[in-house]
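> This is the structure I have questions about; it appears just below.
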Amino acid sequence: MATAMKRDQFNTQSLGVPLNTMVKEARILMVGAGGIGCELLKNLVLAGFGEIHIVDLDTIDLSNLNRQFLFRHEHIKKSKALVAKDAAHKFNPNVKLEAYMANIKDSQFNVDWFKGFTMIFNALDNLDARRHVNKMCIAAGIPLIESGTTGFNGQVQVIKKGVSACYDCTPKETPKSFPVCTIRSTPSQPIHCIVWGKSYLLSEIFGASEDDSPEMDHSEDSENAEEIEKLRQEAQALKKIREAMGTESFAQLLFDKVYKDDVIRLRSMEEMWKTRRPPESLDENAEEIEKLRQEAQALKKIREAMGTESFAQLLFDKVYKDDVIRLRSMEEMWKTRRPPESLEYATVIFVTAGANLRSIVFGIETKSRFDIKQMAGNIIPAIATTNAIVAGLCVLQSFKVLRGEFSSTKETFLTPFAQERLLASDKSRPPNPDCPVCSVAQTRVLVDMSRATLGDLVEDFLKMELGYGEEIVVNHGNNLLYDVDETENLGKKLSELGIKGDSFLTIVDEDEEHENGPRVNLILNVQESASPEEKPIKSLDIAPATNGEVPGSPIPRRKKEVKEGPQSNGHSTNGPSAPVNGGSATKRTATEAFENGDETPSAKKAKTLSNGADNEVIEIIDNDGSILIEDD
Amino acid sequence: MTEVITDPTPPILHGPSDKEKKYDRQLRLWAASGQQALEDAHILLLNSGSGAVGVETLKNLVLPGIGQFTIADAGVVTEADLGVNFFLDEDSLGNSRAECCVKLLQELNPDVKGHWLPLQETLTVQKVLKNDAKYTLIIYTYPIEETDLDFVQEYSIKHKVPVISVHSSGFYSYFRTYLPGNFPIVDTHPDSTATTDLRLLTPWEELSKFSSELTGDIDNLSAHEHGHLPYLVILLHFLEKWKAEHRSLPSTYKEKTAFRSLVTAGARTDNPEGGEENFDEAAAAVLKTISAPTLSSSVKAVFDYEPNELEAKSNFWIIASAVKQFYEKHKQLPLPGSVPDMKAQSTVYVRLQNIYKKKARQDVAEVLSTVRAHPGGKDVDETEVESFCKNAAFIKLIHGSEANPESIKTLTKSEAENDANAEMTMMPLSLLPIYLSLHATSHMSTASSSDILATIDQVYPDASTTPRYVEISQEVARAKGGELHNISALTGGMVAQEVIKIITKQYIPIDNTCIFDGITSRTQVLRI
């Protein structure tokens, strides 16, 4: 091409040659090719980043097209990653693009694979995957640019192990769950009826059992054993009705069961209704329904049809005859995917009708179909503009990361309703010294899977080589493999305990008696190796202690005062209202501390825990604020 | 079934249309009314310079389904364009930039219609704007000829069309909105916690009756009933008590604190919990809900404003005057009618909700009858009146921005004073120097740092000797008007957001200039 101006003329002009060269040589991983992902990919491609890998498991849906501009109508049901790659390639053929239609949690994407990138961008929409990538980036020591949007709000954060706070340094809100009895017996809010419609009625009739639903909280089950057993029988009976599906009487059977028989049974438990309004089965409730009919437009339609003989038939036949095939295929989807982002239309009708009828039974306000879809599907509003802004901010941060200027990276928030702080940027926060993900010691271990036992790990590796004492716990995910009282696994091979290459094990030190407190948690990243001559387990990153208990043990300790131990009792703030939720209390204070920003210059000092300098670690905690706030 | 409804044909349950599905995630922000406004709009982009920021803005408007857009641009696509503009490819080289961008933008959304106008000697900006009033909003980018700017302003004033100017160069950008005349907004989307209006100090008869019915025999209520009195009924009960004793309502902070203690003391503590949750709720709500209704300054501004003859004929001002009459008569605004969630027996809560809803409907009916009595009020839609009444406490009027050469001097001075104290007050530095430096290159993108400073000196004589001004002008000179795609994409996101607010008349648009500094990832909004 004989044109005088080069393609990257403006980039060279503004970035300068050295940075522009770094950009061209960078190898980037982008996780997620949705709303932020499309914007980000466009920006990265035009900024001239040399090589970009894209991972996304998802396929394209019609509701994506209002913002995910790399996709067209004809791409619906195709892979986001692959279509995005093809679309972006056209606009800068010099960039090397690689796409994977895969789950980022797949084992092919191991720590070594992550290590091959200059930096990683998260453009995800769910907590679980964000946490995973965060963990992998911490393990690999690769910088991560994390971002997210909700409606007009958005946020960008640079995560670098040991330098800035990681994704899990502040506890995240977990999805709401409800006790089983609230959902099945004593609902008091529309959301209870909606969860019932979705996680019980819909699931029992068309899908998996409610026990698998993450919205069901079984922690109080033992207190209500008798009622739980009754409910189990009720669900069994419902399953029988499910077998009648396809027969003439199915819909009537189902309707009579859930809105009459079950309600009458529930009502007969007088104990339960001493302090609550008892439920009224639907045929007793005609007057109330009539009143509500005038209130709620959505209910009106259902109610009108309900007066007719054929109502139940119609409602369920529609779902059964017309849509059952699609519903069944959805059932498959739910097994392999993250919880559904939105519910298909037939499902929404079913859940709306189911939930609103139940609301009438319990005298609860009914909701419109639009609202119920949002409440049941956890739908988050999303628009192109916010994604464009956030993606732009991500790339700005990436320039600082490329230059290694982590001290000047910013955490930026979009606060669209405060004119003076539309884009508010704060200094990056330092890592939280209590963070279970980044403020831990990490090492890779070479394990000969053919012979290594849990005993080898505990006795030979942890105690002899790393100098651990007796009081230790070994966890694999949520599974406890070993502690002082749980010794029966010691003789088993690690492979028999479900551990494979790239598994993560967490070692918790419970030696509260030690003068400097227990060690920080240790994360072992298992690497397979066959080495018949050497020891079955060998550390790749930590030199073994010379022998036994050595003062210079490589895993640092934390001081006792730091721990929010259970021994500090008699300090509950909220009176006797029993289960003081420690988790939510810390969450609140953490958020407050977060909102207060990190203007204090003293919080700037960045530390790694690996040098084991205990006093310094404590200093940070004193400055952290979150603990101070909790005191008042 | 106890009741049989005569109509035997059940309604057909329609699924959402494809359009509703496609726009689902945004309908949750601006609803069908906002979407309709977008679909009725036609945006004109006068594009120039390296041309990316305007096109990025349009991308964010085409995706959510703007009705039509037109790009007027004299540019012919070069290699450098390909590096900064995503909506051009190798095949575009040598062709009209307006045409190529429109074609690729249109691919994003088949519901949107795009037009292009390749500007040239025979098709000038003047000609483009001369024809008719078909554009809803105009966006122009810098650099732009001074004479063309005049045509844009003329069009804006004549047809009451909002204009947004956008300037992106290197790591800096700004955009500025010009609203013609006054711009009223009904649906400002206030924070949901701010919208609670329970009228506890001035309960109407039905509410008082309901409350005393529940609390008439408060000491002999069963533990369950007592523990499930809705908190607002508790507050009403104790307000009566307070009034009987003090002959006035609690108004000062001290009185309110005393009143709170009175409420707290009303809780029964002889139960296993040692207290009652509904009384806790009541005590917590005292400071927030026990206050005389005051008119916010933004509503006052609406009431005080005297619309001119033309404005007075619009639905907004007809309803506003009816609401004002309502306010003058009742000393309060129409009741919004929603009741927050609270501990209560479901049946009681539903009754309470109905009492509030009924009153809200009565208030709407009263305002509506005033509207109907107005000469132009026959055709005002009832839902518009409803929505106005519901949002009455949060309506907002933004005054149009008239250019005033003196005000920029004052602003420059006050920002400089703030900066002088920045270290002490821990406030970030003003971004006004960025605006002024970019603005100095409005008509010609390549200018030296000293040219830029000389221009700024005309409004702020100290500029040439202020290091920050010198530094920023050097940065602007260095970029030579070249856009960074990333900065332009980000700016395009912000501009599109403002366009959506202005077109849907929802949320409060920026008043009136937003400056972005890509080096510190920061914005500042100033009224210039």
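Even glycines carry a Cβ here, placed using N, Cα and C.
When I checked TrEMBL for this same protein, it listed these features:
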BINDING   A:32-37, A:Asp56, A:64-67, A:Lys80, A:125-130  ATP binding site
BINDING   A:Cys166, A:Cys169, A:Cys435, A:Cys438  Zn(2+) binding site
COILED    A:282-309  coiled coil
DOMAIN    A:446-529  domain 'Ubiquitin/SUMO-activating enzyme ubiquitin-like'
REGION    A:529-613  region 'Disordered'
> By CA distance, which of the binding-site residues (A:Cys166, A:Cys169, A:Cys435, A:Cys438) lies nearest to A:Gly35 (ATP binding site)?
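Sorting the binding-site residues by distance from A:Gly35 (ATP binding site), the top entry is A:Cys166.
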> Roughly how many angstrom lie between the C-alpha atoms of A:Asp128 (ATP binding site) and A:Cys438 (Zn(2+) binding site)?
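Cα-Cα, rounded: 16 Å.
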> DSSP three-state call for A:Cys166 (Zn(2+) binding site): helix, strand or coil?
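A:Cys166 (Zn(2+) binding site) sits in coil per DSSP, no helix or strand.
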> Count up the helix, strand and coil residues in the domain 'Ubiquitin/SUMO-activating enzyme ubiquitin-like' (A:446-529) according to DSSP, in that order.
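Counting residues by DSSP class gives 16 helix, 29 strand, 39 coil.
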> Among A:Asp56, A:Asp125, A:Asp128, all listed as binding-site residues, which has the most CB atoms within 10 Å of its CB?
A:Asp56
> Can you figure out which of A:Cys166, A:Cys169, A:Cys435, A:Cys438 (the binding-site residues) comes closest in space to A:Asn66 (ATP binding site), comparing Cα atoms?
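Going through A:Cys166, A:Cys169, A:Cys435, A:Cys438 one by one, the closest to A:Asn66 (ATP binding site) is A:Cys166.
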> Could you tell me the C-alpha distance between A:Asp56 (ATP binding site) and A:Cys169 (Zn(2+) binding site) in angstrom, no decimals?
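Cα of A:Asp56 (ATP binding site) to Cα of A:Cys169 (Zn(2+) binding site) measures 25 Å after rounding.
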> So which other residues, same chain and not among A:Cys166, A:Cys169, A:Cys435, A:Cys438, have a Cβ within 8 Å of the centroid of the Cβ atoms at the Zn(2+) site?
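Other same-chain residues with Cβ inside the cutoff are A:Asn134, A:Ile138, A:Ile159, A:Ala165, A:Tyr167, A:Asp168, A:Pro431, A:Asn432, A:Pro436, A:Val437, A:Ser439.
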> Around A:Cys166 (Zn(2+) binding site), which residues of its chain at least 6 apart sit with Cβ under 8 Å of its Cβ?
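When sequence neighbours closer than 6 are ignored, A:Cys166 (Zn(2+) binding site) has A:Asn134, A:Ile138, A:Ile159, A:Pro431, A:Cys435, A:Val437, A:Cys438 within Cβ distance under 8 Å.
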> Taking the Cα atoms as reference points, how far is A:Gly32 (ATP binding site) from A:Cys169 (Zn(2+) binding site) in Å?
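It is 22 Å, counting Cα to Cα.
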> Can you tell me the three-state DSSP label for A:Asp56 (ATP binding site)?
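Where A:Asp56 (ATP binding site) sits, the three-state DSSP reduction gives coil.
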> At the level of the C-alpha atoms, what whole-angstrom distance separates A:Cys169 (Zn(2+) binding site) and A:Asp125 (ATP binding site)?
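That comes out at 19 Å between the alpha carbons.
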> Just name the binding-site residues among A:Gly32, A:Asp56, A:Asn66, A:Asp125, A:Asp128, A:Cys435 whose Cβ comes within less than 8 Å of a chain B Cβ; none is a fine answer.
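Sorted by position along the sequence, the hits are A:Asn66.
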> Looking only at A:Cys435, A:Cys438, the binding-site residues on record, which one has the least crowded Cβ, with the fewest other Cβ atoms within 10 Å?
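Each of the binding-site residues A:Cys435, A:Cys438 was scored by Cβ atoms within 10 Å; lowest is A:Cys435.
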> Pop the mean pLDDT for the domain 'Ubiquitin/SUMO-activating enzyme ubiquitin-like' (A:446-529) in here, whole number is fine.
85
> 10 Å Cβ neighbour count around A:Gly35 (ATP binding site)?
27
> Give the three-state DSSP assignment (helix, strand or coil) for A:Cys435 (Zn(2+) binding site).
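Note: A:Cys435 (Zn(2+) binding site) is coil by DSSP, not helix or strand.
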